[in-house]
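Enquirer: One structure coming up, written as structure tokens, with questions to follow.
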Amino acid sequence: MSQPGPKPAASPRPSRGAAARHTQEHVNEKNIGSSSKPGEKKGSDEKKAASLGSSQPSRPHVGEAATATKVTASSAATSKSPSMSTTETKAIPVNKQLEGPDQKRPREQAVKTESKKPQSSEQPVVHEKKSKGGPKEGSEPKNLPKHTSSTGSKHAHKEKALSRSNEQMVSEKPSESKTKFQDVPSAGGESVAGGGTVATALDKVVGKKKEQKPFTPASPVQSTPSKPSDKSGMDAALDDLIDTLGGHEDTNRDDPPYTGPVVLDPMYSTYLEALGIKEGTIPPEYRKLLEKNEGITQPLPDSPKPMGTDQAIDALSSDFTCSSPTGKQSEKEKSTGEIFKAQSAGVTRSSVPPKEKKRKVEEEVINDQALQALSDSLGTRQPDPPSHVSQAEQVKEAKAKEERQEKCGEDEDTVPAEYRLKPAKDKDGKPLLPEPEETSKSLSESELIGELSADFDRSTYQDKPSTPAEKKSNDTSQTPPGETVPRASMCSIRSAPPKLASLKGVVPEDAVETLAGSLGTREADPEHEKTVEDKVKEKAKEEEHEKLGEKEETVPPDYRLEEVKDKDGKPLLPKESQEQLAPLSDDFLLDALSQDFSSPANISSLEFEDAKLSAAISEVVSQTPAPSTHAAAPLPGTEQKDKELDDALDELSDSLGQRPPDPDENKPLDDKVKEKIKPEHSEKLGERDDTIPPEYRHLLDNDGKDKPEKPPTKKTEKPDQDRDPIDALSEDLDSCPSTTETSKNTAKGKSKKTSSSKASKDGEKTKDSSKKTEEVSKPKAKEDARHS
């Protein structure tokens, strides 16, 4: 612990070995602090030093001068390097005070400083090492810090080893070092000066120790292992640098307390009961409903479960009970009934259940008691008789007999009385004899098919389809044996069935008929007569969906026709946009409509007399809807729909306005075709003189005397002017029935096209015929020329 007093100023440039010395001092303090009585050791050391000093008063002054120089050198070193260890500075004044008996003041000062210090916390081993290195310090004062740092590190390692082994050895060494150190005589004046310098150095070192002590950690030094004595200078320097860093500062700082306003949570939870959980929450109106029991679903009655195939068979075959044919089966049943006996029910007990399930345990105990009571009432189980069958005995196949069981209905005895056939009797009660059976004739394929297909809702069998098969059979019979038989006849012969052999025990047909009569008449199934199409129609139902605009309600408001009203709010009557047109004839309308269609030259086009009529016709053409052709006559119900649609279309067409004139509308179709297809002229043989062969030139010299006469051309039949143009246009359309007036117009237009195409075809035919006549005439002329 440091001496109280003013703190000395810290040196600006601490040496490199200061940290090492500081750690060494800290280690020495801890090692010596463990001793039980440090004060007693210190007193004994002082007594020994005093006795040694008194026993050697007569030493030469040379030694005193050497010691003085030593002390001054050491004091100078301490002033230069104030970071020296406190152990060295403290050891020097103690030794100097003990050198001479005349120097009392330094002793008193040293005693005061030692008394103010705590119990000895330094180890005097360092003084021994320093006394040995005294002459070196005197001769070489500049190298003092390095030497002291190296020696300090060595002593630190040695002291660690000694402190671990024994503490007594550590306490004995400072006494020996003091005796060795006090052998040197000291002078009076020099000792006083040395004591003053050492005291000042001691105060400085103590003040520095007081500053550096709280920053040095104690625990890491103790935990470091012992290092080897022969350490390099670099390692020592690194150790010194590491020691200068100091310990870790405490970074755990407490957070500042919160000084803001108090935070409160005003939220709270409340439980709301749902309506109807308790009777008190039910409203009075709903209680009346609950008392009436209205709207409460009652459990459905148990619906009969669907029957399986086995159950259905058992239900149907319940009436067909058979009497036992023999008494053997009853004996077997008795024997088997004696074998089976009542067996005691096995009691199964489970492990002990947990404590929580007490109610279930009581129920299980009750069930076990009931089962035990029932099992006791049944009695004990009798042991089975031992089987004496030996293993060597084996069942032989010869002893195992096969028994045939008669089925119900095979014999007359097994048939129940209700289902037995009663023989037909006469009036007298005698049974009627059965009629002799006719020999079955061989049936053809067609007859067999007709009999088999009688049940499949078809017409009764007819004998007409059997005629070709009979003819084929006749043809095969007429063929001689040497000729080959065709394949068709062979098939007909092979397909004939063989004669049915009369089987014994077969039920006669009369019995089958009587059984069928007992069943009753079959009820007519309404679905049986329906065709397959009707069944499909029942599943797929046709639903009519209203289209947008069919009714006024479905028309959007933006597209509805708004009625024009007067100032008073009355609807205005539609004004006649144009003057009423005179009724037009059919011929006039046909000519006006067929103006754009190319027509043959036979039909003369009518000229319009007035401009008003032409304008009226153009409006009629623009306003009328496009004609639609119908292949068949429509149903009577659709005519009204068509009229309604026509009226709606007329109203829409009126709202569109007048149609702008089309410049290409009045052009004929021939011009359009000619624009696309350009005719090319090809020279034919004989058109020029150069192209005529020399063989035929002499014919030209005869001036056409030998030319054959041209056949008379057919005169084109001109229709009478009085003929109706409608009949002329509709000659080829007699087969197609006309449904409406609009279809007539389109048919007439088409007939014009067909007539024009036919006229052009007729013209081509005439050309071909003329060419053929020319070709025929040419070889005839050649033959005449050869004969001549």
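Every residue gets a Cβ built from N, Cα and C, even glycine.
From Swiss-Prot, here are the annotated features:
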COMPBIAS  1-11  compositional bias 'Pro residues'
REGION    1-262  region 'Disordered'
MOD_RES   Ser11  phosphoserine
COMPBIAS  12-21  compositional bias 'Low complexity'
COMPBIAS  38-49  compositional bias 'Basic and acidic residues'
COMPBIAS  99-119  compositional bias 'Basic and acidic residues'
MOD_RES   Lys129  N6-acetyllysine
MOD_RES   Ser165  phosphoserine
MOD_RES   Thr216  phosphothreonine
MOD_RES   Ser219  phosphoserine
COMPBIAS  246-256  compositional bias 'Basic and acidic residues'
REPEAT    251-303  repeat 'Inhibitory domain 1'
REGION    289-493  region 'Disordered'
MOD_RES   Ser303  phosphoserine
COMPBIAS  318-328  compositional bias 'Polar residues'
MOD_RES   Ser324  phosphoserine
COMPBIAS  369-380  compositional bias 'Polar residues'
REPEAT    384-436  repeat 'Inhibitory domain 2'
COMPBIAS  394-408  compositional bias 'Basic and acidic residues'
COMPBIAS  419-430  compositional bias 'Basic and acidic residues'
COMPBIAS  441-453  compositional bias 'Low complexity'
MOD_RES   Ser444  phosphoserine
MOD_RES   Ser446  phosphoserine
MOD_RES   Ser453  phosphoserine
MOD_RES   Thr479  phosphothreonine
REGION    514-580  region 'Disordered'
MOD_RES   Ser518  phosphoserine
COMPBIAS  522-570  compositional bias 'Basic and acidic residues'
REPEAT    524-577  repeat 'Inhibitory domain 3'
MOD_RES   Ser605  phosphoserine
REGION    620-788  region 'Disordered'
MOD_RES   Ser653  phosphoserine
MOD_RES   Ser655  phosphoserine
REPEAT    661-714  repeat 'Inhibitory domain 4'
COMPBIAS  759-788  compositional bias 'Basic and acidic residues'
Enquirer: Find, for the listed modified residues Ser444, Ser446, Ser453, Ser518, Ser653, the residue with the lowest Cβ contact count at a 10 Å cut-off, counting only other Cβ atoms.
Expert: Ser518
Enquirer: I'd like the per-state residue tally for the compositional bias 'Polar residues' (369-380) from DSSP, helix first, then strand, then coil.
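Expert: Split into helix, strand and coil, the compositional bias 'Polar residues' (369-380) gives 10 helix, 0 strand, 2 coil.
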Enquirer: Give the distance between the Cα atoms of Ser453 (phosphoserine) and Ser444 (phosphoserine), rounded to the nearest whole Å.
Expert: 14
Enquirer: Out of Ser444, Ser446, Ser518, point to the one nearest Ser655 (phosphoserine) in space (Cα versus Cα); all of them are modified residues in the record.
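Expert: So, spelling it out, the nearest of the modified residues is Ser446.
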Enquirer: What Cα-Cα separation, expressed in whole Å, is found between Ser653 (phosphoserine) and Ser446 (phosphoserine)?
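Expert: Their Cα atoms are separated by 69 Å.
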Enquirer: Summarise the compositional bias 'Basic and acidic residues' (419-430) by DSSP state, stating how many residues are helix, strand and coil.
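Expert: Output for the compositional bias 'Basic and acidic residues' (419-430) reads 1 helix, 1 strand, 10 coil.
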Enquirer: Tell me the Cβ neighbour count for Ser655 (phosphoserine), meaning other Cβ atoms within 10 Å of its Cβ, over all protein chains shown.
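Expert: The answer is 8.
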Enquirer: Do you know the mean pLDDT across the repeat 'Inhibitory domain 1' (251-303)?
Expert: 79
